[in-house]
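*Asks:* Before I ask anything, here is the structure I am working with.
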Amino acid sequence: MLSYLIFALAVSPILGKIEIVFPQHTTGDWKRVPHEYNYCPTSADKNSHGTQTGIPVELTMPKGLTTHQVEGFMCHSALWMTTCDFRWYGPKYITHSIHNEEPTDYQCLEAIKSYKDGVSFNPGFPPQSCGYGTVTDAEAHIVTVTPHSVKVDEYTGEWIDPHFIGGRCKGQICETVHNSTKWFTSSDGESVCSQLFTLVGGIFFSDSEEITSMGLPETGIRSNYFPYISTEGICKMPFCRKQGYKLKNDLWFQIMDPDLDKTVRDLPHIKDCDLSSSIITPGEHATDISLISDVERILDYALCQNTWSKIESGEPITPVDLSYLGPKNPGVGPVFTIINGSLHYFTSKYLRVELESPVIPRMEGKVAGTRIVRQLWDQWFPFGEVEIGPNGVLKTKQGYKFPLHIIGTGEVDSDIKMERVVKHWEHPHIEAAQTFLKKDDTGEVLYYGDTGVSKNPVELVEGWFSGWRSSLMGVLAVIIGFVILMFLIKLIGVLSSLFRPKRRPIYKSDVEMAHFR
């Protein structure tokens, strides 16, 4: 409830039409969010231009990340362990666990080959190996692969995926945020100039209201495909036989109007870019953070981190919490949703979209600055009595609700306050390992990163007392067995003496027997 109050106080009530950023896709290629992933977006650039006047400028850029992706495989490795705890004071106790293990390139290539040949096989947990008075581990090194496609940066040819360290990778083998997982592909990428270029509506901001001020301090530019960015330090750079400009954040665009382009190109303060310059696509953090108010930035970050903290600690989250994770500016970024109690994502390009209100009867919106009305989304998942889509958007009987934008309008209802517990993606072998456990009433637990049995001598004694019932029964069994054994030995001795023939005493007068003495 505190997060609702903070956000309501921080923003002005939104009445009527609203402008948001929304994924360009209408459905997602969903994947589970990795455990170490912790993305928080930059604050919205809505007021970054302050009182500057906007001048419409038609731009062109390489086509967005709508179709460009490359196929590959995630290679997962784990140590599957069966632990036998057969201490002298207790009964035999068996546990199963899996542990992170970094795969080798050779292991992964062999696993990928087996997968393609249709002969991949998971043997499961190794058989137990028990020795009296010991704790023994039986180990199996298991490597599996799963198909996993990633997006492609049209400018650099780099692979883009939240699993990669830093979100990007170049090459046929990529490290991931999981130390037990690598990504493999046989693709060399595509030629960056094979992309189609698309027109985008842009606005140049300046106090002087003149295009000739481009490149000077206190000027900036934004479009439906990227957030407000300062034009100070802009330089001229050709790309794929097209004359264009590179901003200081390495974003490239071309001005379509020949007269405007010539005016800007002839400005003396706009120089040619260095020959070694590189360019990138609008990324997840493209906003110039120095232009965003500290209060808004800190508040957005705190609300986002609060959501990740809830997920990490297993606390329930609401659609409003989930909406804090979504990007606030146009460009490439992750889309989040909840599927079967797990947090999922996919990567899309965000566009500026205008909505009639935070609750709409049809899932449609108008691309900002145009007359184009488009279907926004068409994939929903169960969430209590309603359905949930991207970044907390809800499909209800009353219409489609955008929780983040309902806050502060007086329309807050029970739908956007529904809570559900969601989980990270811990290790891909966990789900498979569950199928190898017993399905009886023993309630066997699968341990991750720990065998569930301590080998520390002090903790062994503590374990004796923590499991005192089973340990006591084991000790009593040993004592009773020892007593029974002693009784049997004594009984055998008694019976032996009873059935042994008695020796007749020999007297000296017995001449015949005395002869043998």
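Using the three backbone atoms N, Cα and C, a Cβ is placed for every residue, glycine included.
Quick paste from Swiss-Prot:
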type: DISULFID; residues: CYS40-CYS304; note: disulfide bond
type: DISULFID; residues: CYS75-CYS108; note: disulfide bond
type: DISULFID; residues: CYS84-CYS130; note: disulfide bond
type: DISULFID; residues: CYS169-CYS174; note: disulfide bond
type: DISULFID; residues: CYS193-CYS240; note: disulfide bond
type: DISULFID; residues: CYS235-CYS273; note: disulfide bond
type: CARBOHYD; residues: ASN179; note: N-linked glycosylation site
type: CARBOHYD; residues: ASN340; note: N-linked glycosylation site
type: REGION; residues: 53-172; note: region 'Fusion peptide'
type: SIGNAL; residues: 1-16; note: signal peptide
type: SITE; residues: LYS63; note: site 'Involved in the interaction with host LDL receptor'
type: SITE; residues: ARG374; note: site 'Involved in the interaction with host LDL receptor'
type: TOPO_DOM; residues: 17-474; note: topological domain 'Virion surface'
type: TOPO_DOM; residues: 496-517; note: topological domain 'Intravirion'
type: TRANSMEM; residues: 475-495; note: transmembrane segment
*Asks:* Quick one: pull the CA-CA distance for CYS235 (disulfide bond) versus CYS75 (disulfide bond), whole Å only.
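*Replies:* Taking the Cα atoms only, CYS235 (disulfide bond) lies 42 Å from CYS75 (disulfide bond).
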*Asks:* Measure from the Cα of ASN179 (N-linked glycosylation site) to the Cα of every one of the disulfide-bonded residues CYS40, CYS75, CYS273, then give the nearest.
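*Replies:* Among CYS40, CYS75, CYS273, CYS75.
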*Asks:* Just jot down the residues in the same chain as CYS40 (disulfide bond), at least 6 apart in sequence, with C-beta under 8 A of its C-beta; none if empty.
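*Replies:* Counting only residues 6 or more apart in sequence, the Cβ neighbours of CYS40 (disulfide bond) under 8 Å are ASP300, TYR301, CYS304, GLN305, TRP308, LEU325.
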*Asks:* How many other Cβ atoms sit within 10 Å of the Cβ of CYS240 (disulfide bond)?
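*Replies:* There are 15 such Cβ atoms around CYS240 (disulfide bond).
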*Asks:* What is the nearest of the disulfide-bonded residues CYS75, CYS84, CYS169 to CYS273 (disulfide bond), using the Cα of each?
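*Replies:* Checking each of CYS75, CYS84, CYS169 against CYS273 (disulfide bond), the shortest Cα distance is to CYS169.
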*Asks:* Just to confirm: which same-chain residues, 6+ apart in sequence, have a Cβ under 8 Å from the Cβ of ARG374 (site 'Involved in the interaction with host LDL receptor')?
*Replies:* GLU364, GLY365, LYS366, VAL367
*Asks:* Write down the Cα-Cα distance for CYS108 (disulfide bond) and CYS84 (disulfide bond), rounded and given in Å.
*Replies:* 30
*Asks:* If you count Cβ atoms within 10 Å of the Cβ of CYS174 (disulfide bond), leaving out that atom itself, what do you get?
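*Replies:* If we count other Cβ atoms within 10 Å of CYS174 (disulfide bond), we arrive at 22.
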*Asks:* Would you mind reading off the Cα separation of ASN340 (N-linked glycosylation site) from CYS75 (disulfide bond), to the nearest angstrom?
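*Replies:* Checking the Cα atoms of ASN340 (N-linked glycosylation site) and CYS75 (disulfide bond) gives a distance of 24 Å.
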*Asks:* Distance between CYS169 (disulfide bond) and CYS130 (disulfide bond) at the Cα atoms, whole Å?
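*Replies:* Here the two Cα atoms lie 45 Å apart.
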*Asks:* Which residues does CYS108 (disulfide bond) neighbour through Cβ under 8 Å, counting only same-chain ones at least six apart?
*Replies:* PHE73, CYS75, SER77, VAL143, VAL145, LYS182, PHE184
*Asks:* Have a look at the disulfide-bonded residues (CYS169, CYS235, CYS273, CYS304) and report the one with the fewest Cβ neighbours inside 10 Å.
*Replies:* CYS235
*Asks:* Under 8 Å Cβ-Cβ from CYS130 (disulfide bond), six or more apart in the same chain: what's there?
*Replies:* CYS84, PHE86, LYS92, THR136
*Asks:* Given the glycosylation sites ASN179, ASN340, which one is most crowded in terms of C-beta atoms within 10 angstroms?
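*Replies:* For the glycosylation sites ASN179, ASN340, the Cβ with the most other Cβ atoms within 10 Å is ASN179.
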*Asks:* According to DSSP, how is the region 'Fusion peptide' (53-172) divided among helix, strand and coil residues?
*Replies:* 16 helix, 56 strand, 48 coil
*Asks:* Count, for each of the disulfide-bonded residues CYS75, CYS84, the other C-beta atoms lying within 10 angstroms of its own C-beta, and report the residue with the smallest count.
*Replies:* CYS84
